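Scroll down for the structure; my scribbles are underneath it.
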Amino acid sequence: MSSTQQQQHQLFSAVEQNDVTKVKKLSSKKKISKSNLTSFDQYGQSALTIALKNNNEEMVELLLSLCVTLKADINTFDKNGFSALHQAVSSDDRILMRVLQYENINVDVQNDDLNTPIHYFCQKFRSPNCQEPFQLFIQKGVNVNAQNKNGETPLHKAIFNNSVRLMMVGLLLKNGANVNLATQFQESPLHYAVRLGREDLVSVLLKAGADVDCVGTKERKTPYQLAVEEGNKDMTARIKKYKDLFDWLQKHGFEQYKDAFLKEEMFLDELGEMSEDILNKMGITSTGTRLRILKETSNLANEQTKKPKTPELIIEEDPTPPDTPDISGLRHSLHTLRHVGEVNIINDNELEYTEKLGAGSSGKVYKGLYRGKEVAIKVLKSMTESKEIEEFKKEFQIMSAIRSKHVVHFYGAVLEPKLCMVMENCSRGSLYHVMDNNSLDIGWERTFRFAIETVRGIECLHKWDPPIVHRDLKSLNLLVNDKWEIKVCDFGLSRFNTGSNLETLVKMRGTFAYCAPEVYYGEQFSGKSDVYSIAVILWELVTRCINGRYERPFSEYKNLQHDFQIIIQTAKKNLRPTIPNACPESLVSLIQDCWDPNLENRPTCTDILSRLVTIENEYRSNIQTWNNLIVPLPKNQE
């Protein structure tokens with residue numbers, strides 16, 4: 001074996017064994033050459049390809065540095081026809097980012113099948129953090145409309161991504177992907193989405209202007225015909241809705257305004273409401289065109305038997321508890337947690353991320369799919385300190401212990417590659433956001449339902465064995481599902497009320513407007529502290545009902561500019577939000593009892609429920625009298 005072959009063998013052996021120290025030693029002794037970095041092992045892999053497959057970030061970083069120093073080209077193909085970037089798109093997001101940041105990286109390099117790295121990225125990348133590497137691709141000038149041998153674009157490939165397909169499709173469309181590029185069989189991404197049976201994907205592609213009349217040469221079917229064949233009534237109806245609009249636009253010569261109609265969601269059943277204001281929103285300025293559109297939409301309205309549009313109503317449905325997922329057991333690190341019943345440890349490949357819902361100090365929240373169910377996925381930030389791990393375990397412990405229809409359902413946790421909590425998705429958002437939506441009519445019936453379900457959720461926690469104190473109860477932490485049911489959530493600050501947790505419970509937590517006075521004075525946080533928070537939520541609900549719009553607690557006190565001022569005033573001056581004058585005395589009394597400065601005087605959740613039922617019966621016996629108390633404030637009043 002020659003010295004060059006010996007060096008090459010030593011390098012490949014060290015990389016295969018993830019021995020970074022050995023590679024550094026070889027480098028320091030000048031035993032790694034440019035040819036070593038561009039050579040292949042018996043399986044046709046380069047040293048960098050091996051490091052990428054091993055997902056070893058430190059090794060990849062080291063080899064990339066050596067490529068720069070020795071001027072080795074990382075864009076060359078291995079014996080399997082793949083470049084380093086083709087391989088990197090299947091790696092951890094940090095590793096992919098590092099390869100993309102390499103100065104001379106070729107993002108459009110094609111393999112034997114003419115697939116570019118972004119083809120594979122769109123199909124195989126798993127992390128919900130797909131936006132950052134995608135933007136690097138864009139900055140490097142990637143061709144998002146590149147076609148492989150079969151004519152497939154990255155958009156076609158994204159349809160097959162089992163983890164982040166909807167997010168990937170969205171990124172592609174926002175960055176110039178042509179929604180109507182077809183394969184050699186004349187099939188568009190819309191054909192692929194219909195076959196997959198994903199109505200959400202179909203909707204996104206249609207809104208982007210997908211051609212509904214494109215006929216595939218293999219089966220001689222349009223996407224609409226495929227949907228009919230699949231027997232998917234909802235998808236068929238959706239595609240027909242777009243097809244009818246496109247046909248109408250073509251018939252009257254308005255095709256060039258298709259995107260404007262789609263953006264404003266002006267379909268055939270809405271065209272009768274066309275107005276000058278809507279045309280302004282659509283950006284249609286030509287006087288002649290505006291007159292023609294108004295004339296044709298008016299004619300259409302006269303032809304149709306129009307159904308009167310009604311404001312959004314809150315519909316009562318029979319409540320059904322969520323299904324309990326299969327249990328796969330606990331990992332060793334969580335097995336010793338006390339009070340934990342059955343819980344599911346979820347593999348990351350069982351999840352599909354569909355939409356980013358928000359971000360906070362603890363991480364990001366995505367909407368997604370788990371075993372066909374729509375879920376919320378809380379992806380926690382990287383946890384490197386033992387304190388952060390302990391906080392995760394405590395929330396995991398609480399979530400795993402509770403099984404109640406009044407508490408957001410916990411499906412399980414993902415432990416790698418990132419810590420995630422997988423929960424029931426409540427599509428209407430928080431109770432705060434529901435109350436803050438002025439288009440919703442929240443009368444007394446809805447107020448009582450929201451109040452009773454909130455208290456039942458907290459009662460469930462307080463009656464658990466051992467009892468659980470929420471500690472961060474507020475309208476933002478009460479979620480509303482599509483059936484308008486309240487679900488208690490966010491147990492990041494919650495604790496079992498046991499001896500070992502007393503010291504932790506003393507620490508001030510939660511939002512100050514909902515915080516009980518005893519917490520300010522450093523006393524033990526108890527179930528009665530949660531009851532104080534319930535009082536503020538009852539105040540929010542009653543005020544929203546009577547005034548017809550949401551008012552923030554303590555917003556009437558203009559001198560209180562900061563949250564900490566609120567807790568000082570509530571504790572030292574016994575300040576409370578102002579209850580509306582029109583509020584029935586029975587509700588006034590209940591709210592005041594719940595936020596009594598002396599925690600011993602506050603009722604239990606069971607007592608609150610009993611009183612709420614009595615008050616609701618009082619309302620039902622005097623519905624007109626109670627409804628007369630609702631006098632909405634002017635919309636422009638602060």
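Don't overthink the numbers, they just go from 1 along the chain as shown.
Yeah, the Cβs are placed from backbone N, Cα and C, and that goes for glycine too.
Features as listed in Swiss-Prot:
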{"type": "ACT_SITE", "residues": "Asp472", "note": "active site, proton acceptor"}
{"type": "DOMAIN", "residues": "240-303", "note": "domain 'SAM'"}
{"type": "DOMAIN", "residues": "351-620", "note": "domain 'Protein kinase'"}
{"type": "REPEAT", "residues": "80-109", "note": "repeat 'ANK 2'"}
{"type": "REPEAT", "residues": "113-146", "note": "repeat 'ANK 3'"}
{"type": "REPEAT", "residues": "185-214", "note": "repeat 'ANK 5'"}
Positions on the same chain near the repeat 'ANK 5' (185-214), where near means CB under 8 A and six or more residues out: 151, 153, 155-156, 158-160, 165-166, 169-170, 173, 179, 222-224, 226-227, 230, 232, 234-235, 238-239, 242-243, 246, 258-259, 262, 354
Of the residues in the repeat 'ANK 5' (185-214), how many are helix, strand and coil by DSSP? 17 helix, 0 strand, 13 coil
Calculate the per-residue pLDDT averaged over the domain 'Protein kinase' (351-620) and state the result as an integer. 85
CB neighbours within 10 A of the residue listed as 'active site, proton acceptor', counting all protein chains shown, number 19
The correct DSSP tally for the repeat 'ANK 2' (80-109) reads 13 helix, 0 strand, 17 coil
Tally of residues which DSSP labels helix, strand or coil - the domain 'SAM' (240-303): 48 helix, 0 strand, 16 coil
